[in-house]
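J.: Relevant sequence annotations retrieved from Swiss-Prot are reproduced here:
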ACT_SITE  1208  active site, proton acceptor
BINDING   43, 48, 51, 73  [2Fe-2S] cluster binding site
DOMAIN    4-91  domain '2Fe-2S ferredoxin-type'
DOMAIN    229-459  domain 'FAD-binding PCMH-type'
């Protein structure tokens, strides 16, 4: 009789689970059954790495445990039978922190902390197998872990400190000179001799102290009896040997290892009953045999095991290319778990996509052993398997590779990005004395290029055009790339890449303060890195329901019918809720415009939909998987209406969300200024949108209380705004609603309006059902529902003199607002207010048009219109430079608006170090010398080009108006401990840590005697949204005001008690001295001689960026970055440098790999999954990354300990410099090839766009 259970171990504790649902993932089991919530859910697609855990198995051949990192969000629980599961909680805790966690926590290697457990686990898997890893091994281990906050540098630096290679963070430093940070730079840099951290002081890593492999798993005697697992929809059989498999497979509708099959099945909402059989535990399918002549790899083995076997068993020149190919093909987490068989079958089934492994298996002339339905074994060539679709009637048992293969293997994979991406085209060639095989993949099945193989010997003598003609392939562009690279390979077979030196530098001026100004690690780092930090979806509520979101599938239509009957039939579904269930206002954003811009977004669609992804209603169910399934069963019928999805068509149709906004001079005055100029230039710019890609998706938990009370736990950037939104929606006074935010897993502007809508939906359901209600968006739903950065189309006409000095400019900008207002009018306004950037442009006019389209309603995103203005102006400056024959940097410099001068709307420029930053950066980066070197490089390089560019930023702080204030509440307990609460939310920017340091400095109390509690409306209310880079400034002023008031009461008592704090507090209590207070913080502009609409001070900076592009593939890489910023006297240099680096990488992504497009016909977002939207990876971090804080103290009294805000300014600078640097690369190629037409700002400069611009038409 079959068994019904599985046995495994989690963090040292044995677990027996009976009748596991085959559809249950390891992540949901760990989080919801075992309460191990350090395993985060960021995408549930195996893309982001936040859910990474480690699986250990005992290898009898090696007599040791082998560990591998996997995506717990994909792994079915039944796959962990006889496995040691290790989560971040099992690695270490705050009481006994692991060295990996310790170095990352104290090394400032996290910001919001949501992705951090995943990085720890990826590193832990590597170190468990290789205690002395190389830098290349570390890079490979974390290459599929995504981080949106840090810019990766501190993560890499912390992990590189474990490297066995000399040089630590400078691994690859072949001089033996040690770490760049151990060298004092005081001689050349005048006092910038501090380093954020030296890992030399940390304890050495001791692998013998790791948790041991559980003896229970080693001695466990697994029965030969097959296991049967019965879930709600699936009965799964797990046979143990091939005879059992043959016996039972006839009765099973699905044959699979179970990984991808489970992933696909859970996305099928229908009720069904299926019988599966898994190859996972079939002995013969898990065997590896290495003979003298062949290598046999079992069908149930994972991709990495297959690759490792081939790498070690085939000739070195073939093996090393297989290893390199697999790293580009897949993430470690996927390769460590997905079977090579699944990849082969998926490729063989597809008539459209390109299969990487099929290409590899074809070029290696692999043979497959197949099992037919009669139980007979047969052997076929891989080509025959794919061509005859034998997967429909046969099961793969193993693959056989000949060990007699000789020569060199060459593989090329082309996608949107250079690694771990879907493939558009691939090419593989095996070239040797005996065997020459070449295959190409371009949609559908691999094609053998036999006609090209006969030309191998003559490769050096044939031109690429000649070779292309022999391929009989229509895709000339990709074939040309492949053959060019192949030709290079043939001529340099023995060449190996040198490890590049790594140069990470962070300079700041140290301060002698006890707290403020010191690079102290964020107090919550240890909590996050050990999995102990809770985010909204980690909070556990009794008897809760979860929401599944019913979304529009058409861009514009009337809703004629909503049928929820099939969804409500599912057991565990509590109900459907839509617009008729809203007790108050369905458009609450129109009623609370005093805290935000008026927003006509509906909570639920009312009679019509205006975008794909608009929320029509929600399903409430007992668990989130069921809720999402049920939501997909809701049938919505539409009467479709004309739609405007395409942005340019909407502009032509004059479809607007609001009034046209005009700033600057009268149109006639600008026209006159241009007519009087020596020359007028004009151009057009197109700037794409950007997704926030916070790792924690939108999350809310609303708990109903007595009466009308609601406790709203929400991942929001504005607790008071969310409170008012919920109050207006629920028709409940705000004082009965408490909104609490502990921390956000990233925000970037995307968790203001968006977060509040989700909270309102949860509140409606919680009140109706009187049950706690979770609203936790899947990544796909988050991408579909929420807004992005505004796409912009702009035109300009600029008048200049013969030197390139701007005398007047007229901007027109159209912003894609989407289907509702959201923040579109605000972003348009900020573009208009700040369009002069860092320049004095004479007579200026800006006309802004917020455009309505039937697409996502776009919203705030880091920079809030400023990055778009920056990119427009980069194009303007390049255009002028080209026309007058000067460098773009010269044109920028002569057009700077200087301190003491005025912005174009009349505000005076106060406390500004723009020129100092620019000149320092130019010298520090050796800009002019490197320009000469790049010129020589480009002269000698045909396809690969380099460029260098500088950009700068000026960002006025704090902002004028009601948003430019902070609020804080301070109370002192009788034991002397201090509790602080502020109106700003912590979302990775280090706001809470800075406020602790400010409070510590002001009270002269040790920082560990102060705690900062949740941002909550019952402690501080009416607080502005957190954003705009000003919250340390404004909330810092509020904290100082609280401390000043408290100390004015306490100081006489403290003096009387000779400074004894605890005794003084008790005495003050007895004397009825108030030990708590709440204060606002704002800059009294008149007091400092600053106008009401002027900025009291400016955060400024400059950067130089050197880029490289491959004009054939379109791929780019950052060679070196030099950033110089003035943030006054930094409150915490580590946090500020972290913000600078993170903003730089986010800005790099904006102008390179991050793309937002919509299907013109269906209105659907093309990048509608985590895998389709590309954010920068750790491999994109420049190897030479230098940041310097000037530390200029010209404080005017309006600053908190002479500091200035940070957050957004580096992003504007980054996107400008990266874009211009790439354009310099492109211009060089175009000039060399006789193409002289000017290319205005186009963003993003994706691989496809670079290829397009670097091609002869």
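Any Cβ shown, glycine's included, is placed from N, Cα and C.
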J.: Provide the three-state DSSP residue tally for the domain '2Fe-2S ferredoxin-type' (4-91): helix first, then strand, then coil.
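T.: Grouping H, G, I as helix and E, B as strand yields 16 helix, 33 strand, 39 coil.
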J.: Helix, strand or coil for residue 1208 (active site, proton acceptor)? Use DSSP.
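T.: The residue in question, residue 1208 (active site, proton acceptor), is coil (DSSP, three-state).
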J.: Which has the fewest other CB atoms in a 10 Å radius around its CB: 51, 73, the listed binding-site residues?
T.: 73
J.: State the mean pLDDT for the domain 'FAD-binding PCMH-type' (229-459).
T.: 84
J.: What whole-number Å value do you get for the CA-CA distance of residue 1208 (active site, proton acceptor) and residue 51 ([2Fe-2S] cluster binding site)?
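T.: Here the two Cα atoms are 29 Å apart.
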J.: Looking at Cβ-Cβ distances, which residues of the chain lie under 8 angstroms from residue 43 ([2Fe-2S] cluster binding site) while being 6 or more apart from it?
T.: 50, 73, 779, 1170
J.: Among all protein chains shown, how many Cβ atoms are found within 10 Å of the Cβ of residue 48 ([2Fe-2S] cluster binding site), not counting that one?
T.: 29
J.: Given the recorded [2Fe-2S] cluster site (43, 48, 51, 73), which additional residues of the same chain have their Cβ within 8 Å of the Cβ centre, ordered by sequence?
T.: 27, 40, 41, 42, 44, 45, 46, 47, 49, 50, 71, 118, 779, 1170
J.: Among all protein chains shown, how many Cβ atoms are found within 10 Å of the Cβ of residue 1208 (active site, proton acceptor), not counting that one?
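T.: Here the count is 27.
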